[in-house]
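According to TrEMBL, the region 'Disordered' annotation covers 1-22. Look at TrEMBL and you will find 80-271 tagged as domain 'Malic enzyme N-terminal'. Annotated active site, proton donor per TrEMBL: TYR103, in sequence order. The (S)-malate binding site annotation in TrEMBL covers ARG167, ASN426, ASN472. Annotation source TrEMBL lists active site, proton acceptor at LYS185. If you look up TrEMBL, you'll see GLU256, ASP257, ASP280 marked as divalent metal cation binding site. Feature annotation from TrEMBL assigns domain 'Malic enzyme NAD-binding' to 281-541.
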Amino acid sequence: MALETNSGTSSARRSRSGSPDLVASNAGTALPYATRSALHLKGLVPSGVEDFSAQEQRALEQLNMKSTSLEKYIFLSWLRTTNINLFYRLVLHNLREIAPVIYTPTVGQACQEYSHIYPFLAPPNAVDGLYIPITEVDNIGEIIQNYKESIAEGDEPEITVITDGSRILGLGDLGMNGMGIPVGKLQLYVAAAGLNPDRCLPIVLDFGTDTQRYLDDPLYLGIRQHRPEDSEFYTAADRVIEALHAAFPSMFIQFEDFSTDHAFGLLERWRNKALCFNDDIQGTGCVILGGFISAVEQAGIPARDQRILFVGAGSAGVGVAKQLVDYFVIEHGIPEEEAKAMFWFVDSRGMVTANRGDRLAEHKVYFARHDNGDAQCKTLEDAVEYVKPTALIGLSTIHKAFSESILARMNDFNQTARPIIFPLSNPETKAECSFEEAMRCTDNRVLFASGTAFPDYTVPETGEVKVPGQGNNMYVFPAIGLGAVLCKPERITDTMVFAVAKALANSLTEDERARGELYPRIERIREVSADLAAALITQAVREGLAQDAQWVARVAQDAGESAVAGAHPDGRFAPGLASEVSKYMWTPAENYEQLRASLPHYHHHPVVASAASAAGKL
Ligand SMILES: NC(=O)C1=CN([C@@H]2O[C@H](COP(=O)(O)OP(=O)(O)OC[C@H]3O[C@@H](n4cnc5c(N)ncnc54)[C@H](O)[C@@H]3O)[C@@H](O)[C@H]2O)C=CC1
Ligand SMILES: CC(=O)C(=O)O
Ligand SMILES: [Mg+2]
């Protein structure tokens with residue numbers, strides 16, 4: 001048995017909530033003497049008994065001693081798997097500094113190195129998610145059963161982020177190493193929207209990789225084979241999703257970082273059959289629409305005069321553009337064909353036109369231009385000159401694609417209005433330009449958002465400090481998941497996603513607006529997530545799709561009616577609903593007493609119960 005345990009390579013699972021070990025490991029040096037005594041831990045911990053804030057201070061000191069971001073990532077992963085309560089205290093109290101470590105940009109590097117930095121912790125107490133090789137899909141029932149046995153009763157997952165690692169951020173096919181993304185996204189679910197960490201399930205479909213350096217890497221931990229053909233992919237993926245859906249019927253499924261064709265394919269197959277959404281298509285569309293609404297309000301020209309050039313026509317580019325079309329149609333009453341005509345795309349082969357001579361991928365057809373005559377812009381420079389855009393949106397994975405000369409042209413074209421420039425590719429090494437470049441080249445007039453967090457910029461002439469917007473789906477997917485987990489809609493509709501985007505735009509404070517910011521400050525993310533989740537719940541009830549009677553009744557009572565099918569997705573919700581949503585958010589314990597109380601099974605665990613009755617002190 002000991003041998004088996006030592007051969008495991010999984011990292012620590014937070015669950016097993018009934019275990020006294022969990023209390024001991026999450027309390028550590030905060031364990032009172034009486035408890036140490038009852039749990040036979042006397043002498044096994046340093047004598048000082050301290051409070052959680054002292055532990056947090058020590059953890060922060062240790063974090064700051066790490067000289068590289070990857071070392072910080074490894075330290076934080078270790079802390080999460082050792083003491084999840086302390087980990088989330090640290091994250092929540094230092095979100096601005098820590099989000100770029102547990103998420104983009106560092107998570108990109110961590111994924112590339114995943115097989116090398118993998119921690120040595122043993123299952124079944126140490127499981128950080130499901131690794132499902134394509135060779136084991138026939139045994140998916142057994143895998144799910146093993147997972148169920150590794151968790152405490154009542155900890156069935158309510159949310160999963162699932163990837164096959166085929167398009168991790170803008171870094172390409174990372175195979176099984178992509179597991180870092182579901183793990184990272186679910187940390188944001190907890191931090192940003194208060195999902196219970198014990199009920200979050202990261203999953204990687206280990207379906208092989210076409211990246212030779214991983215196949216050749218002796219430490220690579222995934223299966224060593226090439227990716228399957230489409231039909232084999234869909235058969236295997238469908239079997240896994242069917243089994244997961246059968247085992248956990250109300251679990252919210254977030255598809256993440258699948259290569260673009262499969263991202264669209266899986267969404268179409270599953271969106272009406274299970275509670276699911278695709279973060280790269282819908283989440284990105286949602287968050288960019290939220291920021292774009294604010295940008296259009298500040299740009300200084302009417303919305304219908306916008307000329308929007310997308311660089312990159314993948315799942316993210318097309319997902320965002322479709323949300324923006326909906327916005328122009330729904331909010332501004334522009335007919336769909338006219339709204340669509342406000343958009344141009346450039347991909348790796350140049351401007352996307354119906355007559356450029358290649359067979360366009362299905363997802364690009366909707367936006368292909370038909371009015372270009374003989375013009376076929378082959379480069380971005382040519383397309384910029386041809387379109388004279390008011391807005392330039394990058395989802396291309398091409399680092400520095402927005403050269404200084406392109407940024408300067410955006411400034412020239414937009415002298416009477418402010419140019420909108422969103423370099424949204426992740427991580428930083430793929431971003432189309434930096435905040436500093438965009439500010440400098442546009443006389444500091446740019447309305448800016450980026451996928452990765454960039455540093456603030458100090459305007460040299462005035463000393464004014466400008467904060468860049470982060471147009472990253474992290475602002476919305478946690479709230480969409482929370483809202484879905486609470487009100488249990490039959491499915492996620494585009495109008496629900498639209499309502500969340502509107503709520504995001506509505507969530508800016510007067511100060512944030514006055515400073516010209518497009519997104520709320522990250523320190524307010526939980527408050528904003530509560531608003532966004534309330535908007536999703538309200539919209540789900542209006543559409544008659546919410547299934548949780550409590551939330552249906554609550555929204556109906558606010559609205560004075562039972563449901564308004566197909567109501568306008570305005571992102572509004574009744575006062576009080578967001579604070580009610582907040583009550584469902586998980587927060588780490590502040591002290592030992594709260595920690596004990598927060599572990600529902602703790603008191604019933606046989607060891608704890610017998611220790612308690614023996615000592616009368618627990
Ligand atoms: N900010 C955010 O919240 C999000 C950002 N992203 C980022 O968006 C990027 C793209 O993701 P997907 O659309 O899923 O990937 P994808 O690989 O499907 O799309 C990339 C697109 O860029 C085009 N492209 C490649 N080289 C080009 C060039 N030299 N010039 C112009 N276009 C070029 C490709 O033809 C393709 O259309 C990634 O970096 C990803 O990290 C994705 C989701 C969310
Ligand atoms: C942010 C995100 O989901 C991506 O870059 O893929
Ligand atoms: Mg993604």
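Even glycines carry a Cβ here, placed using N, Cα and C.
Sequence features annotated in TrEMBL and their locations in the structure.
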residue: TYR103; record: active site, proton donor; Cβ contacts under 8 Å, 6 or more apart: GLY184, LYS185, GLN187, LEU188, MET474
residue: ARG167; record: (S)-malate binding site; Cβ contacts under 8 Å, 6 or more apart: ASP173, ASP257, PHE258, SER259, THR260, ALA263, GLY314, SER315
residue: GLU256; record: divalent metal cation binding site; Cβ contacts under 8 Å, 6 or more apart: VAL161, ILE162, THR163, ILE181, PRO182, LYS185, ASN278, ASP279, ASP280
residue: ASN426; record: (S)-malate binding site; Cβ contacts under 8 Å, 6 or more apart: THR104, PRO105, GLY108, LEU169, GLY170, GLY451, THR452, ASN472
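Close contacts with ligand 1, defined as a Cβ under 6 Å from any of its atoms, occur at none of the recorded positions LYS185, GLU256, ASP257. Taking a Cβ distance under 6 Å to any atom of ligand 3 as the criterion, the recorded positions TYR103, ARG167, LYS185, ASN426, ASN472 reduce to none.
Its Cβ taken as reference, ASP257 (divalent metal cation binding site) is surrounded by 25 other Cβ atoms within 10 Å in the chains shown.
In the vicinity of ligand 2, defined as a Cβ distance under 6 Å, the following of the recorded positions ARG167, LYS185, ASP257 are placed: ASP257.
The secondary structure of the residue listed as 'active site, proton acceptor', as reduced to three states from DSSP, is helical. For the recorded site, ASN472 ((S)-malate binding site), the DSSP three-state label reads coil. In the predicted structure, the domain 'Malic enzyme NAD-binding' (281-541) carries a mean pLDDT of 96.
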